[in-house]
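Here the structure is laid out as structure tokens; the discussion comes afterwards.
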Amino acid sequence: ERRGRRADGHGAFLQGWAGGYPEIVKENELFERYYRELGIVPAGEWDAFMAALREPLPATLRITGYRSHAKEILHCLKEKYFRELQDLEVDGQKVEMPQSLSWYPEELAWHTNLSRKILRKSPQLEKFHQFLVSETECGNISRQEAVSMIPPLLLDVSPHHKILDMCAAPGSKTAQLIEMLHADMNVPFPKGFVIANDVDNKRCYLLVHQAKRLNSPCIMVVNHDASSIPNLQIDVDGRKEILFYDRILCDVPCSGDGTMRKNIDVWKKWTTQNSLQLHGLQLRIATRGVEQLAEGGRMVYSTCSLNPVENEAVIASLLEKSQGALELADVSSELPGLKRMPGITKWKVMLKDGQWFEEWKDVPSNRQTQIRPTMFPVKDEEKLKAMNLERCLRILPHHQNTGGFFVAVLIKKSPMPWNKRQPKVHQKLPQRTGDTEVAAANSGNGSDCVIEEPTLAENEESKKMQELQNSDTEQSKKEGVCGPPPSKKMKLFGFKEDPFVFLPEDDPLFLPIQKFYALDPSFPKMNLLTRTQEGKKRQLYMVSKELRNVLLNNSEKMKVINTGIKVWSRNSDGEQFGCAFRLAQEGIYTLYPFIHARIINVCIEDVKILLTQENPFLSKFSSETQKKVKDMAMGSIVLKYDPDPEKPDDLQCPIVLCGWQGKTSLRAFVPKNERLHYLRMMGVEVFKAKRKEEELENKTEDEVQHRLAQTEEGMDVEDKEHDLVTKMEAEIGEESSQSPLESSAMEIENKIEDLDQSSKNANTHVSQESKDMDASNVKD
């Protein structure tokens, strides 16, 4: 009977698994014994809890909330795609109408009873799946597990906040944080920023891909061990100051037993050993996080585990050693509609052989490397009460048909006790970790980790070293170059990154651009950067003023994988028209407020022509558009659509497109999925339109080459790249935790020297999803 248990009640989930994969039996005796004993599930709910864990996880999606198009996408989803799912049956299973998540603001998150596998495989759902894939690629929709959406919401982010995401890959939560920064779309450069970190170099590129879809100049992806992420410095009125973050997301690596519904390997691999091995790392990461948190700041600690050793034990240990510097926030009134259980205050520790321990003193000496004192509950009742551990949130799968999850919201009231020490004249030479000084390095076993800020009076040798480093840094700052860290300080694994070179104030490159597009005097040209120190600059990127400050002051200690959005690309034909650089679609919403020339306002019919035809003749456009184009020089242009409030049936959100004006034609230069997005919003049936476009793409090589020659060198690189990444995402799955990318070429366009090479290497971008889950690296 146990061997015959289906993965869901209808057997639909396992269809397509016949290719040699054995059916996994969803039973684990140790799991049930452990959690029954701990009493994490309310009385009388155990059977419902276990039944929910054996059901496949519903597909959930989130509409990105900061774009002006969010309401239009929501309208399109509800009025078109959801209606088409009514009365639909797939493999004998009735498709339920998608429901909005009651606790997510403004109906921007939805779930359906369709598993991800059915969505991918079912012919009846091909249209809906294509919509999801395409809109996800544009960054308008994020396919994200429901519980994964909770931590960013509880961070309470404002556009001016400096945010650190410590363990950010694969990036769905990072995307939420970026949206919150851009709550006001009329502000192209919010004062806040997100620094998204991950220890795995390969996973950083998946993170880059997620973040780049949102086209923000306020995101930087870095590659460090979160438990020793260096203190960064910023320039404040000519003074060097340590950067403290207003908000920190600490979503740590965990055993992942809350993810059993989607990672079914956990059923056979689960033991308590995973949690025991991860506890020390989780505590070190959380400790490093609160050290870098500003006073009054908020840090959210989260795991997709149900185990108190990874959850309440970490929080209790952190609160205890903070000596009152930290407190758990009461968030019971936040996210109304979210069913949650309080944090627990009593638990025991179990070895993988089933042996229980109630207190540290009971642990025999030969087990004291596996089990640490910080894993046990606090015994002092008064101390325990003051911690308010019940303010933690536990999400159980059967309450709202989700995964299992744990969240704790911490507020920093004062500096951590080990950061309060007065500078000493004499000190032992410390072990260096980044730019922090670790006085007690024995933190691997869960003992207190003591970290101090650099003292004022250091020994002479370290002073000289610092002066040498500073002179190098100042020199590179003058040149505006932010390269990777010197190899002596950090051995670079994985892919070698190009440097970030800011455009000098007097760079002759910028003057023709400024003149051609009539850029506003307020345009922050100091924030423009390239990724090449020598040779022709092929792409220009842009970051916010605040990220520029971070980049320039920390190049020697920070491994930056990616930052900035592309705003201009070199165009070989452009120079004859007065400007060697054309506008890039991904940066147009940031640039548009500063552009005062080469803007053509177009009507909705013109937009449809631009998006459905490859290189339409001018005669196909409205007479108003033809008049505007007539007196304009050839080259890159901005095409702007403004909605007409008197025509409520027309698209009611503004659109800004990059275009190219030829001698007799006008074309939009927009990636394919973005084209499809705009067409959907205008009510154009793109399911067929996509096939027509594919036929167009399959024209002979001669025709393609001829068209490229007419417009510009490499003009279709972006379209090709977007197709490549769409294919890659389909192989990776919506939100894989274990599928690193095998090449960094996908993340920076100027690394693709030519289209042929990128096509040739298309298959090297992705590795197959790992069949065996590495328990130490499970993260939603």
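Backbone N, Cα and C define each Cβ position, glycine as well.
For reference, TrEMBL has these:
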ACT_SITE  Cys304  active site, nucleophile
BINDING   Cys167, Ala168, Ala169, Pro170, Gly171, Ser172, Lys173, Asp198, Asp225, Asp251  S-adenosyl-L-methionine binding site
COMPBIAS  758-767  compositional bias 'Polar residues'
COMPBIAS  768-780  compositional bias 'Basic and acidic residues'
DOMAIN    49-413  domain 'SAM-dependent MTase RsmB/NOP-type'
REGION    418-484  region 'Disordered'
REGION    730-780  region 'Disordered'
Min neighbour Cβ count (10 Å) across recorded positions Cys167, Ala169, Cys304 flags Cys167
Can you name the residues of this chain that are 6 or more positions from Asp225 (S-adenosyl-L-methionine binding site) yet have a C-beta less than 8 Å from its C-beta? Val199
Are there any residues at least 6 positions away along the chain from Lys173 (S-adenosyl-L-methionine binding site) with a Cβ closer than 8 Å to its Cβ? List them or say none. Ser148, Met149, Pro151, Pro152, Asp165, Leu249, Asp251
Long-range Cβ list for Gly171 (S-adenosyl-L-methionine binding site), cut-off under 8 Å, min separation 6+ in sequence, same chain only, gives Ala196, Leu206, Leu207, His209, Gln210, Ala211
Segment-level pLDDT (mean, integer) for the domain 'SAM-dependent MTase RsmB/NOP-type' (49-413): 93
